[in-house]
Every structure is written in C-alpha cells, then in structure tokens.
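Chemist: Pasting in a structure now, in structure tokens, and then I'll have a few things to ask.
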Amino acid sequence: MQDPVQVDVQNVSTAKRVSTASNIGKWYQCFGLIKQNLLVILTFVGVGVGFLIGFLVEPHRPSQSALMWIGMAGELYIRMLKMMIVPLVICSVITGTSRMDPRSNGKVGGIALGYIIVQNLLGAITGAVICLVVKPGEGILVDPKLTVEQDIMETEDIFADLLRNLVPDNLLEACFQQAQTQYKYATRTEVVNNGTFNVTRNVRDVTQKYVGSAHSTNILGLIIVCSVFGVAAAALREQGAPFLAFFRSATDTIVKILRVIIWTTPVGIVSLIAKTIASTSAVTSVFESLGIYFLCVIGGLLVWIFVLLPLVFFAFRRSNPFRFLGSIIPPIMIAFATGSTMIALPESFFCLEAKNGVDNRISRFVAPLAATIGRAGSALYIAASCVFIIQTLGKDTHAVDIILVILLTWISALAIPSVTGASLITVLILLTALNIPGEAATMLFALEFFLDRSRTVVNLVDQLTGVMVNDKFCASDLGARDDAMGDELSLHDTTSEAETPAAKSLENNYVATKL
C-alpha cells in the first residue's frame, strides 16, 4: 500500500508542474498580444518621444538646417507612403469594383456619396453653431499689420474645378496634377479713408480666367475612371480576366512593399512631430491668446468623434462603437502624424477588412472615395474659423451670413485635397468670398499643426464609419464574397504567437514531460 504522505507529495508536485505550465501558457499569450499590437505600442511611444524632443529643442531656437535634419526621417517616411498611394488606389478600385455587378456598384456609390454629403453638411453646421454660442472671437483684436499672400479663388470656380476633375482629360496627367482655375490680374491703386486718414493700397482685379493645372494628384478622377475600368473588365468575363489578374498581382506587390514601409511609422512620427513642435515659437503664448477658439474647435471635434459618430455607428450597426474606435487606432495614429487620411489608406484597409470583417469590394471602393471628399472634421473647423474671424472684426453675425458660411463650407469641403493645411487655405478663400480680408485669418496659422492633426483624425474616423455603414446596407447585395485576393492587404501578422501551433505544441510538450 502506497504511503499517504508520499501520495500527497506527488500530488503537490504535480499541481506545481501544472501551475508552472499554465504560467508559461499565460506568458506566451501575453507575448503574443504584445507582438500582435507591437506597431500600435511603438507608434504611441513615438508620439510621446516626438513631443518630448520638440519641446526640449524649441527653446534653443534651432536653425532651418537643424530643423531639416530633425524632420528628415519623417519626410522620407511620407515620401515612401505617397509613392505607393496612387498605385494602391488604382489597383484597389479596379479590383474592388470588378467584383460587383452594376446594380450593386450603383447602390454602394449612392450610399457612400449620400453619407459623405450629409456628414459634411452636419460638420459645417456644428462648427458654426459652436462659435455662435460660445463667441470666442469677442475681445480679440486683429493686428492690421499682419498680411497673408494668397491667390483669390471664386466659389463658383471651386465647384467648376470639382466637376472638371471628375472627368480627367488625360489619365496619366491625373496621377500628378488636377485641373484648377487660374487668373490673370491687373493691379490698380486706390485711396481708402479708414475714419482717421486716407490710406493708399494696391488692389488686384481679375482680368481673365482660364483652366490651368495644379501639382496635385487628381484622386477623385482616378477613382471614377478606375471604377469604369473595373466594371467594364468584369462585364467582359473571360476576356477581362487577364486584365484583372494583372491588377490583383500588382496589389499583392504593392502591399508586400507596404508591409515593410508601415513598420517605419514610429520613427517617422518621432521625426515629424519633433520638427513641427521645435519650429513652433511661443507655443504657450499662442494658446493663451487663442485659447477659447482652440477649445471651441477641439471641443466640437471631440463631440463629433466620441458622441455623434458613435451614435451613427450604433444606429446602423447595432454594435459597440468604441470597440470599433479601438480597432482603428493604427490608421488614426498615421493620420495624426502625417495630417493626411489618404496616406493612412493602407492601414485603414487592413483594419476594416481583417479586424471588422468589411467586404473588400466595399472597402476598396468606398474608403478611397471617402478619403477624397469626406471632410466632416474639416467642415467643422472651416465654419467655426469663419465665424470666429467675423467676430474678431466686430461684425454682427446675421442669419444670412451664417447660412452663407455653412453653404460655402459644405460645397468647398468636397474639393479640399487630402494634404496638410488645405483647410486653412479654404478658410482664406471663403473669407474672400465673404468680402473679408484674408490677413484677418493670419493668427490661425499659429495653431495650424494642432488643429490640422485633430480635424484629420475626425475626418478619418468619419470616413471609416461611413464604410462600416455602407457595408451594413450593401454587403448582402454583393453575393458570395470573392476571397481570391486572400489577405493581400493584411499588413501585419494577426496570429499571436500564443495561438500558433508551435506555441501550443511547446506548452503541451512541457506539461506532458513533467507529468
């Protein structure tokens, strides 16, 4: 008969071994979780390090050469991503639309456009209402000595350029330039009495308008043309198969390159943020003088991203909106660092498809379209800024003026390019349309970095929410999902090490040998 004491010792020893094996399994799971979210963790660290370096360097007033080298890594990072945007959009739109029948394609496009137009309008209304209620411009005097050099654009020309860019006349040129109205001016001198004495100033009058070009990718035109190519190739069936096979292969190649580039994000973010903060003089005094306006815009953006968009998401998806926000943190960080939702497209594709199960036929058509004309955050900023400037000039904000600001913002938002600072230029254009001198908005440049990044993040979340809404309405109409592309846009290895067969085998072997 076995000694009871010996049995107890064996049981205790076995329990310890099982506990040790269980702890090893937990460590593997923890390591796998860290590995799975390593890029997000490093990106957060990069943001903190970038701000730290920027605030440490700024008091020393670095030279232009020093700032150039501080921002060199970030500049190279953005250049690499920009290099891949046009090929990625072209291939993604063609392959995405080729998987839809014409009826589904029309429904997807209609819902996407409807969502974008409504959200842009609501953004403009929100921005105007916030500044009307809080009145941040009262008590702030505009320095008349400040001037801004700008080219005046008329509102009707902005809308006309938008229509022209929908149908590019040269597909190759659309990859690096877009149509834009140009002006010829005649300068004249006029004398104006400002109430105290006469002031002489030079005035430029438009003598001629013509259609020229601007050095900027016509993404909207490329999306339209590539959609036509995708639908046409799908209609040809066997004859169009080689054409589509080429673009699917091209997409695989592009994403292979992006998998490498995306891991340089933390370094690029450190460089970009450090340079921007280091080159911003008197950060504290800027916030003191424009603090209420800054809080109005930031408050409106926070309400939009944490209240309005979650309500929209829950109303249509009937799921937790904050879980969705957590799943799109990587593209949010990229958008914040670069000031462009277009540059965050590759990571957005991955988060939509791999993490949220969006049909790739929808995400690869709607996301580029939304990144081109979806500007809810920018519309909020533009409307708020225009009302703020009107208040700083001591003018009464009549209902007609506010309605005009909202309508002009709504229309202009559709034509804002996905580049840093474009919304501020739009503010100057709208002020000119309202017969307000552009120099009144000079003070806004001091806060441009912070507000630009903030509204870009809101733009991105709004765009991706629109993709999720579109998927809810249209995914069932597309038929069986075509997984021929597989995980071509998976920029990360989504399987944690703790879940791999090797990890499980190692844990099981340890338990077996010890028991």
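Cβ coordinates come from backbone N, Cα and C, glycine included.
What TrEMBL shows for this protein is this:
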type: TRANSMEM; residues: 38-57; note: transmembrane segment
type: TRANSMEM; residues: 77-96; note: transmembrane segment
type: TRANSMEM; residues: 108-135; note: transmembrane segment
type: TRANSMEM; residues: 219-236; note: transmembrane segment
type: TRANSMEM; residues: 257-278; note: transmembrane segment
type: TRANSMEM; residues: 290-316; note: transmembrane segment
type: TRANSMEM; residues: 328-345; note: transmembrane segment
type: TRANSMEM; residues: 365-390; note: transmembrane segment
type: TRANSMEM; residues: 402-419; note: transmembrane segment
type: TRANSMEM; residues: 425-447; note: transmembrane segment
Chemist: At a threshold of under 8 Å on Cβ distances, which of 38-57, 77-96, 108-135, 328-345, 365-390 pairs most often with the transmembrane segment (219-236)?
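Modeler: Against the transmembrane segment (219-236), the leading stretch is 77-96.
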Chemist: Would you mind listing the long-range same-chain contacts of the transmembrane segment (257-278), meaning Cβ under 8 Å and 6+ residues beyond its ends?
Modeler: 39, 42-43, 45-47, 49-51, 53-55, 57-58, 62, 67, 70-78, 80-81, 84, 88, 333-334, 337-338, 346-347, 449, 491-492
Chemist: Between 108-135, 328-345, 365-390, who has the most Cβ pairs under 8 Å to the transmembrane segment (38-57)?
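Modeler: Against the transmembrane segment (38-57), the leading stretch is 328-345.
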